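Q: What follows is a single structure, and I will ask about it in a moment.
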Ligand SMILES: C[C@H](N)C(=O)N[C@@H](CCCCN)C(=O)O
């Protein structure tokens with residue numbers, strides 16, 4: 001066991017909340033782009049001649065570099081080695097570069113060119129060049145936006161530890177949800193109004209440049225603060241991150257419990273959203289024009305509830321229990337979604353709202369809890385390892401649900417908007433999501449037990465740590 005002395009909790013409240021606003025705004029601009037193309041699927045098919053598999057390839061591009069080339073992990077190590085300012089500017093640079101490539105691909109006239117890939121004369125696959133370049137752009141963007149997610153977390157921890165940390169992290173997550181809501185509601189009307197599917201991307205690029213400016217202002221404040229803090233008497237420099245720290249992180253049981261809880265929980269929520277509109281139409285008989293509005297309630301609820309639950313964690317504690325309750329809610333929601341007899345519209349609205357509460361509870365406690373389990377100097381790498389494993393779930397669970405629907409859930413046909421479409425019985429997919437929820441409960445319980453054993457303080461108020469913020473903190 002090693003002990004280090006935490007840096008002094010610095011800065012005035014005004015400065016701290018300003019910093020939170022600047023970093024969160026930058027993250028918001030990234031989150032808008034992450035979801036801005038989702039409402040445009042039909043438009044891309046109508047105007048650019050894409051089909052569903054083109055769209056599927058493009059969407060999956062988000063995780064390619066992060067998952068297979070381990071870019072997320074490298075991003076976390078860069079964050080720990082070089083600090084939040086360097087990592088943040090790099091993230092925004094990647095987001096801008098990736099979005100520029102995507103914008104060019106969507107708006108350029110490539111004359112229907114096709115890119116083919118072959119080995120030894122055997123054709124592997126061919127894809128429209130436009131789709132390929134747009135996908136590559138989205139892949140580069142995906143590295144940047146995931147990296148800004150972990151960078152924002154570490155920056156918020158740097159400025160808020162010991163003082164309303166969970167509230168601040170909750171507000172940061174809420175900023176991401178505002179970004180998602182802007183994309184969900186603004187993208188399609190703008191593209192329709194201009195008749196150009198690239199128009200929302202152009203606006204996003206402008207937003208991202210403002211996000212970059214916002215982050216640069218943060219950098220000035222952060223550097224000034226660092227200089228001032230270094231000169232405070234009694235402040236010892238924190239140990240630097242070493243590669244061997246990864247092994248140390250990997251040896252922490254609670255870290256794995258929280259990571260597995262994270263992948264299970266997020267795999268039960270974000271992939272659900274990809275199918276939620278169809279579920280509303282087919283099970284709850286919501287009109288297609290209105291069906292997307294019900295799942296869209298989810299981010300709105302989060303905007304208020306995530307900071308609220310964060311604040312409860314700060315003042316009253318019960319972090320592990322909050323994660324447990326959020327996981328239990330998943331099981332209730334998906335079990336009710338699975339019951340074939342429950343088809344009332346209002347039921348769908350209530351269940352989505354409760355799901356929104358779950359998606360506020362778990363993140364509001366999960367991200368601050370990581371700071372109690374791993375030391376600050378390893379935080380970037382720890383968050384990136386959690387995100388990396390979570391990205392596997394986010395990439396493959398939608399695929400799993402698609403396969404299950406295709407092979408086990410076809411229940412005839414149905415006419416939607418005058419078009420004969422396949423009718424799916426969503427019982428099995430909902431039970432799979434409920435299963436993820438049940439497993440989340442198991443890992444939340446394991447986490448709570450481990451906390452009781454090791455005394456991480458997950459059940460203690462974060463603000464209580466304020467008194468300890470300038471004293472010694474135990475580090476594994
Ligand atoms: C999808 C992404 N990897 C993720 O986990 N996002 C979380 C937390 C974001 C933390 C932002 N500083 C989310 O709830 O959106």
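Glycine is no exception: its Cβ is also placed from the backbone N, Cα and C atoms.
Per TrEMBL, the features are:
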type	residues	note
TRANSMEM	58-79	transmembrane segment
TRANSMEM	86-106	transmembrane segment
TRANSMEM	131-152	transmembrane segment
TRANSMEM	164-186	transmembrane segment
TRANSMEM	198-221	transmembrane segment
TRANSMEM	254-273	transmembrane segment
DOMAIN	255-476	domain 'Major facilitator superfamily (MFS) profile'
TRANSMEM	293-313	transmembrane segment
TRANSMEM	320-340	transmembrane segment
TRANSMEM	346-365	transmembrane segment
TRANSMEM	386-406	transmembrane segment
TRANSMEM	426-447	transmembrane segment
Q: Determine which residues of the chain contact the transmembrane segment (86-106) at the Cβ level, with the cut-off under 8 Å and only residues 6 or more beyond its ends counted.
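A: Beyond its ends, the transmembrane segment (86-106) has Cβ neighbours at 23, 26, 30, 33, 48, 75, 78-79, 130-134, 136-145, 147-148, 150-152, 154-155, 197-198, 201-202, 204-205, 208-209, 211-212, 215-216, 218-219, 380.
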Q: Where else in the chain does the transmembrane segment (254-273) make close Cβ contacts, counting only residues six or more beyond its ends and a cut-off under 8 Å?
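A: For the transmembrane segment (254-273), the far contacts come to 295, 298, 323, 326-327, 330, 334, 355, 358-359, 362, 366, 369-370, 373-374, 382, 385-386, 389-390, 392-394, 397-398, 401, 433, 436-437, 439-440, 443-444, 446-447, 450-451, 454, 456.
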Q: I'd like to know if the transmembrane segment (386-406) touches the transmembrane segment (58-79) in this structure, counting it as a touch only when three or more C-beta pairs sit under 8 Å and are separated by 6 or more positions.
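A: As far as Cβ distances go (cut-off 8 Å, pairs 6 or more apart), the transmembrane segment (58-79) and the transmembrane segment (386-406) touch.
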Q: Please figure out which one of 131-152, 293-313, 426-447 racks up the most CB pairs under 8 Å against the transmembrane segment (164-186).
A: 293-313
Q: In terms of Cβ proximity under 8 Å, which residues at least six beyond the ends of the transmembrane segment (386-406) contact it?
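A: For the transmembrane segment (386-406), the far contacts come to 60, 63, 66-67, 70, 72-73, 76, 146, 149-150, 258-260, 262-264, 266-268, 270-271, 274-275, 370, 424, 426, 428-429, 432, 436.
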Q: Report the mean pLDDT of the predicted model across the domain 'Major facilitator superfamily (MFS) profile' (255-476), rounded to a whole number.
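A: Overall, the domain 'Major facilitator superfamily (MFS) profile' (255-476) comes to a mean pLDDT of 90.
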Q: Same chain only, please: residues at least 6 beyond the ends of the transmembrane segment (320-340) with a C-beta under 8 Å from a C-beta of the stretch. Say none if there are none.
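A: 261, 265, 268-269, 279, 283, 309, 312-313, 347, 351, 354-355, 357-362, 364-366, 369, 425-427, 430-431, 433-434, 436-438, 440-441, 443-445, 447-448, 451, 458-459.
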Q: Which residues of the same chain, at least 6 past either end of the transmembrane segment (346-365), have a Cβ under 8 Å from a Cβ in it?
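A: Answer is 166, 169-170, 173, 261, 265, 269, 272, 276, 279-280, 283-284, 286, 294-295, 297-302, 305-310, 313, 319-320, 322-323, 325-327, 329-330, 332-333, 336-337, 440, 458.
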